[in-house]
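A.B. asks: Pulled from Swiss-Prot, these are the listed features:
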- His83, His182: heme b b562 binding site (BINDING)
- His97, His196: heme b b566 binding site (BINDING)
- His201: ubiquinone binding site (BINDING)
- 33-53: transmembrane segment (TRANSMEM)
- 77-98: transmembrane segment (TRANSMEM)
- 113-133: transmembrane segment (TRANSMEM)
- 178-198: transmembrane segment (TRANSMEM)
- 226-246: transmembrane segment (TRANSMEM)
- 288-308: transmembrane segment (TRANSMEM)
- 320-340: transmembrane segment (TRANSMEM)
- 347-367: transmembrane segment (TRANSMEM)
Amino acid sequence: MTIIRKKHPLIKMINHSFIDLPAPSNISSWWNFGSLLGLCLMIQIITGLFLAMHYTSDTTTAFSSVAHICRDVNYGWLIRYMHANGASMFFICLFLHVGRGVYYGSYNMIETWNMGIVLLFAVMATAFMGYVLPWGQMSFWGATVITNLLSAIPYIGTTLVEWIWGGFSVDKATLTRFFAFHFILPFIITALVLVHLLFLHETGSNNPTGLNSDTDKIPFHPYYTIKDFLGVLILLMVLMILALFFPDILGDPDNYTPANPLNTPPHIKPEWYFLFAYAILRSIPNKLGGVLALILSILILALMPLLHTSKQRALTFRPITQTMYWILVADLLVLTWIGGQPVEYPFIIIGQTASIAYFAIIVILMPIAGMIENNILNLD
């Protein structure tokens, strides 16, 4: 078996990536989320494939076809709720994975980090288009509002929006193309994940100390395969509790009303995992400014390697920047809450304050904190 594992062209690649891979001996459970994201992607592709077998991407039958899946298809309700809540689990793992990268300075592996940002955008695009497919009220109005933001682009905006819609409003053509893109994107994401891993294995994993771990490596299997398996069990348990006991807790009740272009819901809002970005978008009165802030709220991650001023890589031994980091986490939770609230006092001013704080912490406060910590270390 050892000979095949090390000699066979295909198995050799798997061996170098998941079995004989040298890994730092001290990586904590925060390093589990990469494998959990891979699992989430697999769950989404498999459940999505079965849903696509029964779904029809036509405005007249889309809503009914989803109801048909839940009522008439064997275990269709389970497949549908695993797919819907699987998306939420995907984003929870994504946010924790990115948060880990920011905390431990993993952004210094620039190729891996930038590939991760591309993946984040791709997953967000996929999730957005997937939310449109059931063709409920929030699906329709969410698609209308978010695609309409592109009209803020000078000169080509209006033409671009009508080109994406395939007409003068979100309609049959829009739904069909969104289904096509929603189907193909996860496979593109899978290819990007392989590139992400390729870049990661060029440098090797980071670790909680932020120090070079070449002197103390252990094989990935069995140490981290068994550790990842525990994470897998916990993820599946949480997903099944969500899908079986609270299937609609993260959804919007408005999406159980078929799409009606003549009736606008009182509060248009996206799924919970987009609320922080939606709050930043809404906190700027200007349309183009809001769109730019929305894109920057994610793209700012690409600036992190440039904004790194500390002589240390991780935040493990940096209490001042640690404080900034946890304030940033709290700020993101506030933004998520604000994104789901109506546009009125006091939510507007809270959202604007939280948006300013978000960018200020990343661009100004954390780099300054890094320099202060450098000076403290130089005092002797």
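Please read every residue number as a count from 1 along the shown chain.
Each residue, glycine too, has its Cβ placed from N, Cα and C.
I'm curious about the neighbourhood of these features; can you describe it?
C.D. replies: Under the three-state DSSP scheme, His83 (heme b b562 binding site) falls in the helix class. Within 10 Å of the C-beta of His83 (heme b b562 binding site) there are 21 other C-beta atoms, taking all protein chains into account.
The Cβ of His97 (heme b b566 binding site) has Phe33, Gly34, Leu37, Gly116 as same-chain neighbours under 8 Å, each 6 or more residues away in sequence.
Counting only residues at least six positions away in the same chain, the Cβ atoms of His16, Ser17, Leu21 sit under 8 Å from the Cβ of His201 (ubiquinone binding site).
Sequence-distant contacts of the transmembrane segment (33-53), counting only residues of its own chain at least 6 positions beyond either end whose CB sits under 8 Å from a CB of the stretch, comprise 69, 79-80, 82-83, 86-87, 89-90, 93-94, 96-97, 100, 182-183, 186-187, 189-190, 193, 228, 231-232, 235, 239.
Away from its own ends, the transmembrane segment (288-308) comes close to residues 98, 102, 105, 107-108, 110, 113-114, 117, 120-121, 124, 149-150, 152-154, 276-278, 280-282, 355, 358-359, 362-363, 366-367, 370 of its chain (Cβ-Cβ under 8 Å, at least six residues beyond either end).
Sequence-distant contacts of the transmembrane segment (320-340), counting only residues of its own chain at least 6 positions beyond either end whose CB sits under 8 Å from a CB of the stretch, comprise 99, 102-103, 269-270, 272, 274-280, 282, 310, 347, 350-351, 354-355, 357-358, 361-362, 365-366, 369-370, 372-373.
Same-chain residues lying 6 or more positions outside the transmembrane segment (347-367) and placing a CB less than 8 Å from one of its CB atoms are 279-280, 282-284, 293, 296-297, 300, 303-304, 307-309, 321, 324-325, 327-328, 331-332, 334-335, 338-339, 341.
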A.B. asks: Please give the sequence-distant neighbours of the transmembrane segment (226-246): residues at least 6 beyond its ends with Cβ less than 8 Å from one of its Cβ atoms.
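C.D. replies: Distant contacts of the transmembrane segment (226-246): 29, 32-33, 35-36, 39-40, 43, 78, 81-82, 85-86, 88-89, 93.
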A.B. asks: In the same chain, which residue numbers or ranges, 6 or more beyond the ends of the transmembrane segment (113-133), come under 8 angstroms Cβ to Cβ?
C.D. replies: 55, 57, 62, 66, 87, 90-91, 94, 97-98, 101, 106-107, 139-140, 142-143, 146, 174-175, 178-179, 181-182, 185-186, 188-189, 192-193, 195-196, 199, 270-271, 273-274, 298-299, 301-302, 304-305
A.B. asks: Taking a Cβ cut-off under 8 Å, which residues six or more beyond the ends of the transmembrane segment (178-198) line up next to it in the same chain?
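C.D. replies: Here the qualifying positions are 17, 37-38, 41, 44-45, 48, 52, 55, 57, 112, 115-116, 118-119, 122-123, 125-126, 129-130, 132-133, 143.
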A.B. asks: Between His182 (heme b b562 binding site) and His196 (heme b b566 binding site), how far is it from one CA atom to the other, in Å?
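C.D. replies: Here the two Cα atoms are 21 Å apart.
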A.B. asks: Rounded to the nearest angstrom, how far is the Cα of His196 (heme b b566 binding site) from the Cα of His83 (heme b b562 binding site)?
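C.D. replies: With the alpha carbons as reference points, the distance is 24 Å.
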A.B. asks: Within its own chain, what residues at least 6 apart in sequence put their Cβ under 8 Å from the Cβ of His196 (heme b b566 binding site), listed in sequence order?
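C.D. replies: Looking at Cβ-Cβ distances below 8 Å from His196 (heme b b566 binding site), excluding near sequence neighbours, one finds Thr112, Met115, Gly116, Leu119.
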A.B. asks: Which number gives the other C-beta atoms within 10 angstroms of the C-beta of His182 (heme b b562 binding site), all protein chains shown included?
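C.D. replies: Excluding its own Cβ, the number within 10 Å is 21.
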